[in-house]
Amino acid sequence: MENPSDEKDMIKEPLLNTYKTKGGFKTLPFIIANEAFEGVASFGLMPNMILYLTREFGMQIASAANVLFLWSAATNFMPILGAYLADSYVGRYRMIGFGSIVSLMGMVLLWLTTMNSQAKISCSQRSSSCNFSTAFKLLHLYASFGLMAIGAGGLRSSSLAFGADQLDKRDSIRNAAMLESFFSWYYVSKTASALIAVTFIVYVQDKMGWMVGFGIPVLLMFLSVLSFFLASPFYIKLKSDSSLLTGFTQVLVASYKNRHMRLSSQATPEMYHHINGSMLLLPSEKLRFLNKACIIKNPLQDLSPDGRATDPWSLCTVNQVEELKALIRVIPLWSAGIMMSVTISQNSFPVLQAASMDRHITPYFEIPAGSFSVFLVITITLWITLYDRVVLPLASKISGKPCRLNEKKRMGIGLFFSCMSMAAMAVAESVRRELAIEEGFSDDPQAVVSMSAMWLLPHYIFAGLGEAFNAIGQNEFYYSQLPKSMSSIASTLFGLGMSVASLVASFILSTVDNATKKGGESWVSSNINKAHYDYYYWLLTGLCSANLMYFLFCSEAYGPCEGDRSRVLDEEDG
């Protein structure tokens, strides 16, 4: 029988060592707080930024929207660069710390544009010409955007993975449970950040002005930096390792070097270089030209005594080749998701429309124009909850077997809803514009028409459903179809699509503006009552519809997903 004192020692020991050991649950609240504060600060700046640029900096709507598109493109691309640098050179801890500090610097710079009276540009919305900012003032503004984009790349690229590093012990059941809990709370914090940003922060900007409205994000970002560095002594800080991007480049270089080599029709495992213990001994027949990268020409020259390639730029492993093939195979379906992200990036224009409509829900309270995106967040949250807890269990009960929509079907449904969201916006804008002209507001774009802003709700609901189906479906598709070793690539593909989509959206907007203003008033003129934003939305609806057809073609060409094949085999065995 154990001595009671021994039992007490066993209980006390973990408590005494809690703050002496590295990593563990104690570090997670600091990491989540760092991401949550940064999320509220960043998301709180976006909704009203189109109003700030047009009213305070005197920009035309098309020019301001293009600035925001480019900022969004940089913000979504930088995490990919940040992930590469963190994995290959500097490590995740340094990358998050760097990103947090740079984000704070960017927000401080943006806040200073509200304090300096010379940074504000007097501009009459009713006149045909405005006094534009000087080069220095624009440089000040763009520098703040650039620093925030760089900071987001450092912080968002590594935050989730860094939290997982604190619990990454495969042999611990307790750590596995905590890891699952961390992922759940991480995404809860992201959703909560978005809700707080589009309600509280936007409301403060509307009621208390830009100085206070941009000052609060600065304070929140300071708390984000502080919360991260407070737990610095307790973090597990893993060293950087080789990146998958380097491996992909090596495959391309090696296959090019060996381009004159002939592939044998009777291949054996001995012909190819593979990792010891790997299940992949032979490369697949798809994209066969890449197989030349892993062919062993001369074992004595190509391999070292421990079995590794003497020159990894001339000889790669079968695993490396198959990883690149898997990535190439999903690219067509990934490209079909770009148009979905283009519709998401149109979030500045509904703010302008809402600002010119009746936003009162009671005689004494009106919803800020920038806060209408809260309906999108609510739609996503409600649908995910209903889908997991009600729709799937009910469908399974009715059919008598487990029911689920595979990733490709959900992506397609999401693309359909994105088409509907643009069509709903086109209808609402057509009605709003006609009413503004009838009420004599053709030359007064800031006038409020006697039309409820609730006309915009169908757009936000359809957009929320589209994102709930497509965005989540895309992420699950990448994680399920790419090898586990490529999970970091899978996590960045959607962000890369958002970055490309922002550039595509900027190109579409610029093309429409240049093409339509030749015949008179541009479709995207700063005077929204004379412009034809409804035509612009119908154009996007048409492009979304064409993209849906392209997706169906790519989906058919891709064939069944890996999970679908397994389920078919299980049903046949049953």
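Just so you know, glycine gets a Cβ as well, placed from its N, Cα and C.
These come from TrEMBL:
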{"type": "TRANSMEM", "residues": "61-86", "note": "transmembrane segment"}
{"type": "TRANSMEM", "residues": "93-112", "note": "transmembrane segment"}
{"type": "TRANSMEM", "residues": "141-164", "note": "transmembrane segment"}
{"type": "TRANSMEM", "residues": "185-204", "note": "transmembrane segment"}
{"type": "TRANSMEM", "residues": "210-236", "note": "transmembrane segment"}
{"type": "TRANSMEM", "residues": "330-349", "note": "transmembrane segment"}
{"type": "TRANSMEM", "residues": "369-390", "note": "transmembrane segment"}
{"type": "TRANSMEM", "residues": "411-428", "note": "transmembrane segment"}
{"type": "TRANSMEM", "residues": "448-469", "note": "transmembrane segment"}
{"type": "TRANSMEM", "residues": "489-509", "note": "transmembrane segment"}
{"type": "TRANSMEM", "residues": "535-553", "note": "transmembrane segment"}
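If you count C-beta pairs under 8 angstroms between the transmembrane segment (369-390) and each of 185-204, 411-428, 448-469, the highest count goes to 448-469. Counted over residue pairs 6 or more apart, the CB atoms of the transmembrane segment (210-236) and the transmembrane segment (185-204) come under 8 Å in at least three pairs, which marks the two as touching. Relative to the transmembrane segment (411-428), the listed stretch 448-469 leads the set 185-204, 448-469, 535-553 in CB pairs under 8 A.
The stretches the transmembrane segment (330-349) and the transmembrane segment (535-553) are in mutual contact, each linked to the other by at least three Cβ pairs under 8 Å (pairs 6 or more apart in sequence). Taking every listed stretch (61-86, 93-112, 141-164, 448-469, 535-553) in turn, the largest tally of C-beta pairs under 8 A with the transmembrane segment (489-509) is reached by 61-86. Counting residues 6+ beyond its ends, the transmembrane segment (61-86) has Cβ neighbours under 8 Å at 46, 49-50, 53-54, 92, 94-95, 99, 142, 145-146, 148-150, 152-158, 240, 243, 245, 345, 348-349, 352, 488, 492, 495-496, 498-500, 502-503, 505-506, 509-510, 513, 522, 524-526, 528 in the same chain. Between the transmembrane segment (141-164) and the transmembrane segment (535-553), the number of CB pairs under 8 angstroms, six or more residues apart, is fewer than three, so the stretches are not in contact.
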